[in-house]
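The substrate binding site annotation in TrEMBL covers B:Arg134, B:157-160, B:234-236, B:Gln240, B:298-301, B:Arg486, B:497-498. Per TrEMBL, ATP binding site is recorded for B:Glu153, B:Lys337, B:399-408, B:Tyr410, B:432-435, B:Glu460, B:Lys488, B:Glu494. The Mg(2+) binding site annotation in TrEMBL covers B:Glu153, B:Asn155, B:Glu403. What TrEMBL lists as domain 'Glutathione synthase substrate-binding' is B:225-334.
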There are 2 protein chains.
Amino acid sequence: MEEAVFNDYPPQLSPEQQDYLVTATKDWAIQNGLAVRPSPAILPANADPNRVLATNAPVTLFPSPFPRACFEEAQALQTVYNQLYAAITCNEEWLGSIIKDLIDVDDFVANLWKTHLAVKQEGYVQNLSLGLYRSDYMAHVTPNRAPSLKQVEFNTISSSFGGLSALVRSLHAELLATPLSYPPHPLLKSGTPPDNTTVETLSGGLAEAHKAYGPSKSLPDLPLCVLFIVQDGERNVFDQLALSKRLTGFHKIPVFRVKSNQILDQTSVPTANPARPLIYHPPHSPESAFEVTTVYLRAYYSPDEYTSSRDWEARRHLERSAAVKCPSVLNQLAGCKKIQQVLAEPAGPDHLTSFLNGVDPAIIARLRETFAPQYDLSAGGQGRDLALNPETAMKHVLKPQREGGGNNIYKAEIPDFLRAMPESDWKGWVLMELINPAANAENVALRNDGEVLRGNVISELGVYGTVLWENTGKIIHNDQGGWLLRTKGKEVNEGGVAAGFSSLDSVLLY
Amino acid sequence: MEEAVFNDYPPQLSPEQQDYLVTATKDWAIQNGLAVRPSPAILPANADPNRVLATNAPVTLFPSPFPRACFEEAQALQTVYNQLYAAITCNEEWLGSIIKDLIDVDDFVANLWKTHLAVKQEGYVQNLSLGLYRSDYMAHVTPNRAPSLKQVEFNTISSSFGGLSALVRSLHAELLATPLSYPPHPLLKSGTPPDNTTVETLSGGLAEAHKAYGPSKSLPDLPLCVLFIVQDGERNVFDQLALSKRLTGFHKIPVFRVKSNQILDQTSVPTANPARPLIYHPPHSPESAFEVTTVYLRAYYSPDEYTSSRDWEARRHLERSAAVKCPSVLNQLAGCKKIQQVLAEPAGPDHLTSFLNGVDPAIIARLRETFAPQYDLSAGGQGRDLALNPETAMKHVLKPQREGGGNNIYKAEIPDFLRAMPESDWKGWVLMELINPAANAENVALRNDGEVLRGNVISELGVYGTVLWENTGKIIHNDQGGWLLRTKGKEVNEGGVAAGFSSLDSVLLY
């Protein structure tokens with residue numbers, strides 16, 4: 001599973017070359033907003049009481065080679081994936097039939113479902129939904145065949161690093177264009193990373209939802225805005241600000257940021273107005289009020305963010321409002337790993353074809369090709385055998401219903417992990433065959449504490465898309481554009497870039 | 001000396017308003033490169049061993065009102081000032097006659113002059129000189145008259161903050177354009193800070209010099225580049241990078257940075273080539289070599305940067321090379337305060353008219369109007385009386401031959417300071433009448449450690465210009481464009497923004 005392209009890539013760096021590249025990279029990062037706030041691990045909070053300091057996002061010093069055919073296939077399929085997840089979200093019955101298996105083993109899924117049911121009972125007042133998605137892939141290497149595109153996961157909430165991904169592409173493109181930045185190497189002379197329009201695509205989706213919301217539902221009319229719901233203490237703020245900058249600067253749409261723990265203080269849904277507009281009351285201008293057309297969640301994707309019933313109340317409050325949610329609770333649930341596993345089932349009903357009604361079967365077949373084999377752990381099923389057998393476990397990863405990495409169980413750890421858990425909980429997990437990335441890929445990472453690490457790496461390609469639809473299934477806007485490469489040291493199994501053990505990267509297509 | 005425009009400006013901020021503005025400002029600063037590396041005072045070096053952290057440049061939260069007539073007059077006069085300082089630099093005899101008085105009291109001036117003489121003896125090989133200038137002013141307030149423009153100093157070396165000044169203008173313009181950023185106030189509704197083209201102007205000047213240098217003087221030809229000479233440990237690096245980004249991105253000119261203590265290691269002048277090209281040997285690519293068309297000094301402006309004879313050797317090495325210097329030693333010397341004082345002398349020869357041969361006398365009169373009264377301290381002269389009399393000293397500032405603030409003596413401290421010095425050294429100093437800025441100006445500053453300070457302030461307007469000329473006096477390129485407002489707390493007498501006790505600001509014209 002070696003790929004020849006990596007044999008002498010990236011070129012070795014002399015200490016002076018490395019010093020030059022590191023200085024150029026860390027300065028470029030701050031000059032251009034390719035930045036994060038430092039974590040307590042690299043800077044104690046009391047060293048920066050006013051939280052003014054920033055550092056470079058973790059990045060690779062070189063772009064990584066990536067197979068052009070896989071890159072182009074991922075782009076070609078994104079609007080079909082957008083359509084698929086919109087259709088799944090519209091089919092509450094089908095979605096519910098899968099979710100119901102998870103409810104008694106997964107509190108988080110259960111609470112999301114309950115939130116949906118509560119709003120359903122009251123009646124939804126907004127029939128539009130917005131998705132900003134990122135579909136993650138690896139280039140899967142098999143002997144004597146061209147690499148193929150395999151999906152790692154599909155993100156339906158808070159798809160992050162769109163803002164920074166375009167910047168890391170610009171960083172590498174600029175280094176490639178600067179004489180002597182890199183030691184001579186044929187691959188580094190061969191071209192430049194392709195354009196990266198993530199910021200335009202994602203903010204374009206938010207702008208479409210804003211427009212589709214229509215006029216104010218308040219009496220008298222209120223000015224309209226988009227609301228970013230963010231985590232308290234967010235360190236990846238510059239990634240988010242790249243999107244809001246485009247929304248305000250290009251689309252001329254006011255954007256405000258509300259921390260998830262302040263939603264109930266700073267927003268309201270007037271009881272007297274059956275249209276249930278979501279009103280934002282800026283604490284910095286208490287006499288003003290805005291009506292929120294679109295709620296963009298960069299928070300509330302993970303169970304640990306719901307620290308009390310107040311958080312669930314806030315989530316329900318947003319859900320029942322007239323604002324377009326990005327995503328709705330149902331759309332977030334559609335991102336459960338279980339859904340991806342059911343879609344990938346080779347036997348049984350052809351879900352893909354029913355959801356992608358009208359799509360060319362050849363395209364559906366190509367989309368199906370991106371699925372890695374994945375299994376539930378039901379008694380007597382193939383998945384259970386593969387997971388418990390130490391030999392076959394080595395080729396698999398065990399995933400809960402979460403996004404964002406940090407929760408997966410890998411290889412040899414799978415059998416013991418399962419046996420330590422009541423069998424009744426196993427249905428909360430999905431077993432997926434590991435994708436085989438090129439074994440000899442290397443790169444050099446500049447961490448956000450300035451340490452430089454060289455070694456074997458695994459890269460994951462994310463492709464961004466956005467879709468706006470009506471609950472009837474009618475699609476209003478469906479667009480793809482932009483990409484992200486995340487590259488991590490091979491000894492590290494997880495891909496959470498923000499945690500610092502993974503780097504933002506870009507691609508050189510071959 | 002109150003100005004009505006400041007009576008209720010800036011508006012008061014509630015804690016929530018201030019929190020909003022501070023968060024928006026510090027995030028904007030990092031997103032857009034309005035940044036500095038933190039000083040040891042706010043972050044001990046061992047907390048950031050790899051020097052990756054950055055913070056916002058110190059900025060005001062509000063733009064400051066500034067009289068439109070003064071602003072426009074400063075812009076209108078800049079190319080005349082450019083011409084004046086080019087002409088002074090071309091007149092070595094006149095310059096030398098003034099410098100000779102300083103030589104025995106000012107080692108720094110003496111060493112610069114010696115450097116010039118040494119190169120003169122060998123013979124200069126470059127007849128082009130480049131100036132990137134900043135002329136600093138205050139709006140001088142006198143009762144019952146419109147404010148008038150008075151020059152604080154004219155900078156002929158390392159004129160800094162050009163890169164960041166355009167950014168702080170954009171910051172304030174964006175805050176003004178964002179609903180609810182500021183509490184309502186008529187002045188904040190009245191407009192936006194004028195365009196700021198400092199980056200284009202200064203990098204345009206460097207590009208002109210690069211072009212005028214002509215083809216490589218090496219055999220065989222070498223590729224050409226611009227060299228930035230910078231201080232080791234420079235914290236204001238993003239200001240400089242704004243210029244090099246424009247040079248590489250727009251003008252397509254390679255730029256390299258060399259620390260002043262590495263000039264002799266990384267550059268050479270081949271002894272066998274009588275044209276004396278300056279060759280740059282990139283340590284990160286030892287087999288490569290570039291020929292330097294233009295040396296831009298962002299170092300070597302202050303005596304404390306010359307720590308040994310090696311620094312003077314490096315300075316002479318640059319000066320004797322064929323690279324266009326920005327500035328040459330003579331041009332740096334033309335920036336001595338003593339020159340400004342001699343130009344301002346109301347009696348005696350009309351230096352302005354002789355240097356500005358061919359310029360409309362009305363323009364020369366307007367330029368003269370920008371001079372504050374200033375005096376030498378010669379025996380029996382008016383300056384000595386004004387400086388030693390405690391009452392008149394209160395209206396004056398005493399300046400040595402330095403740029404960059406931090407060396408001036410103010411008001412009541414002047415008499416004792418002079419008396420503690422041998423009278424023979426007094427000729428190294430210039431006494432200048434203090435300019436009267438509006439007494440009631442206020443603003444709110446966000447320091448680079450995140451502390452917020454509100455209070456009475458003094459603002460200084462800097463206007464940028466660039467000029468390229470031949471030693472014969474022929475001017476090749478003369479341009480003005482861009483500006484900077486620096487605003488400092490009134491209790492602080494000095495204007496060194498980088499030291500953190502002064503803020504970058506922009507203007508609202510009235």
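First residue shown is number 1, and so on along the chain.
The backbone N, Cα and C atoms fix where each Cβ goes, glycine too.
Features as recorded by TrEMBL, highlighted on the structure.
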residue  : record                 : DSSP class
B:Arg134 : substrate binding site : strand
B:Glu153 : ATP binding site       : strand
B:Arg235 : substrate binding site : coil
B:Gln240 : substrate binding site : helix
B:Ala299 : substrate binding site : coil
B:Gly406 : ATP binding site       : coil
B:Leu434 : ATP binding site       : coil
For the domain 'Glutathione synthase substrate-binding' (B:225-334), the number of residues DSSP places in helix, strand and coil: 40 helix, 28 strand, 42 coil
Nearest of the binding-site residues (B:Asn155, B:Leu434, B:Lys488) to B:Arg134 (substrate binding site) - Cα to Cα: B:Asn155
Cβ neighbour count (within 10 Å, all chains shown) around B:Glu153 (ATP binding site): 22
C-alpha spacing of B:Glu153 (ATP binding site) relative to B:Gln240 (substrate binding site), in angstrom: 21
Whole-number mean of pLDDT values that fall within the domain 'Glutathione synthase substrate-binding' (B:225-334): 97
Rounded Cα-Cα span from B:Pro400 (ATP binding site) to B:Asn155 (Mg(2+) binding site), Å: 14
Rounded Cα-Cα span from B:Gly406 (ATP binding site) to B:Ala299 (substrate binding site), Å: 16
Distance from B:Ser160 (substrate binding site) back to B:Tyr410 (ATP binding site), taken between C-alpha atoms, in Å: 24
By Cα-Cα distance, the member of binding-site residues B:Pro400, B:Gly406, B:Leu434, B:Lys488 nearest B:Ser158 (substrate binding site): B:Gly406
Rounded to the nearest Å - Cα separation of B:Lys488 (ATP binding site) and B:Ser160 (substrate binding site): 16
Residue, out of the binding-site residues B:Arg134, B:Lys488, whose Cβ gathers the largest set of other Cβ atoms within 10 Å: B:Arg134
Sparsest-packed of the listed binding-site residues (B:Pro400, B:Gly406) - C-beta count within 10 angstroms: B:Gly406
Conformational class of B:Lys488 (ATP binding site) under the three-state DSSP mapping: strand
B:Ala299 (substrate binding site), number of other Cβ atoms within 10 Å: 23
The one of B:Tyr301, B:Tyr410 whose CB sees the fewest other CB atoms within 10 Å, among these binding-site residues: B:Tyr410
Assigned element (helix, strand, coil) containing B:Pro400 (ATP binding site), judged by DSSP: coil
Cβ packing number for B:Ser160 (substrate binding site), 10 Å threshold: 23
Cβ atoms near B:Leu434 (ATP binding site) (within 10 Å, other residues, all chains): 16
Spatial neighbour of B:Pro400 (ATP binding site) that is closest, considering only the binding-site residues B:Ser160, B:Arg235, B:Tyr301 and their CA atoms: B:Tyr301
